[in-house]
Structures are given as structure tokens and as C-alpha cells.
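Q: This structure is in C-alpha cells; I'll ask about it shortly.
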Amino acid sequence: MRLPNLKAMLGSLLLFLLAVFPDHAIAHHRPRFTAGPWKQAHATFYEGGSGTFGGACGYHDVVQEGYGLETVALSNALFNNGQTCGACYDIKCVDQPQWCKPGSPILHVTATNNCPPNWNQASDNGGWCNPPREHFDIAKPVFLNIAEYKAGIVPIEYRRVSCQKKGGIRFTITGNTYFNEVLVWNVAGAGDVVSVQVKGHDKLKWTMMNRMWGQRWVTDAKLVGESITFRVLASDKRYSTSWHIAPKNWQFGQTFEGKNFR
């Protein structure tokens, strides 16, 4: 075999591997998500429960879905139209010894909600989540871990960290034959998902899903009757492909467990 023909065959093989196994051929060489630098911001707390702390991200029940009550609502500057849902942070109260807990303990939280702007109040007097402020509205049950409730608002330092999860990424499929909605949750590593693709075993080729809101993704492609594979891309540009995790006879309302990031 002549050398040019061999090079052409190897090139075609490489393109095939990149298309079929991007999480092995590409993401394998990307480093794991690591903690970012400490930054300054402020934090408040808000009332709610396990069924409401995940509202703007589309989570049903943050406790049942493994996030616990250690959750936070992000101001728009951090929320990024829902793209940051699932990201994890370390937060500690600083510079106010009368309100901060002794020793500045670190609270590990997951972004599960949005703290919207309050245009009726100034950014430094009640409109804490107004742009361009980076602000954390912490679930009330865990705010007490770092500061006293009486403080109302406290200065903090925060950093983005890797999410540690038990088990694989979960995909909950709802909708109907003509409209498929998938909630993606329990994502390790970067935690936030920037794109989702879906593929069947028969007629359905790789199809990009659209973000409806938070971590809810939709497509009008026909998924019924297909054994389904999901491919997730996280914000750190790593892929995770969960091959044929939903059998051909899957039903709406079911949740399937796939491959998680390490």
C-alpha cells in the first residue's frame, strides 16, 4: 500500500473516532476541574424548602436529587441565564467577627436557583442581586453555618470548586411523543452543563437538544422506541457520553443513570 493511501486511511479512522468517542478522544486529555481563585462578594439568605430551592434551574427536589439544602441562588451576573446551574462553590464569611461564625468555616453549596434583580431598590440598599453585583442568596437553613441571621447581609469570599457527586449523571425524561424534555442533574466535576446531545439506536442520529431553562433540555425529535444515548458537555469542555442508558421500552417520567465526570 502506498504511503499517501495509508495516511488517508489513518486520517479517516481518526475522524471516525473523534465523532463516535469524543469523550475518550478529546476530553480524556483535558485536566479535571480544579478550584478557582478566592473572590469577594456578599451573601444573604432566603426562605424556602427542598421543593423550591431549585426553581430557576428546573430541579424538582434538591434533597431527593442529592444536593441537600446546601444550595444557593445566584445573582444574574453569576447565573448567566441558567447556564451556571449545577456549579459548586465554597463560601466563607469574612471581615465581620460580630456576625461571622468563629474560624470562618467554609460552606460548600450548589447553584440551584436565581436571585433576580430588585429594580425598586438601590444596589447597595436592598437590591443586592442587581447587576453587575456578584451575589449569593443562600438557603436559610444553611446560612447559619457561616453567619448569624441577624446580620442580614455579610461580606464573603467565594471560589468555584469541583462538584463531588455519588453515582452517575441522571437524566429524567418527561413530555410526550412530540415534545421531549430532559432534566440533567447530579453532574460532577464542573457541575454545569453547556450542551446536551441525544442519539437513538435506530433512526435517530446525533441531535443537539435546546436549553429550555436551567438544566431542562428539549427536542421535538422522535425518541420513543429508541434506546437512548446522551452526550453531555460541561463548561470545562469535557464530554461524558452515556451509551444506551434508556432501553427501547423506556417511559416518560423515568430517570436513567449515566456516566459521570471524574
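Heads up, residue numbers simply count up from 1 along the chain you see.
Using the three backbone atoms N, Cα and C, a Cβ is placed for every residue, glycine included.
So TrEMBL lists the following for this protein:
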- 1-27: signal peptide (SIGNAL)
- 54-168: domain 'Expansin-like EG45' (DOMAIN)
- 178-258: domain 'Expansin-like CBD' (DOMAIN)
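Thinking about packing and proximity, how do these listed features fit into the structure?
A: Mapped onto DSSP classes, the domain 'Expansin-like EG45' (54-168) shows 17 helix, 36 strand, 62 coil.
If you average pLDDT over the domain 'Expansin-like CBD' (178-258) in this model, you get 97.
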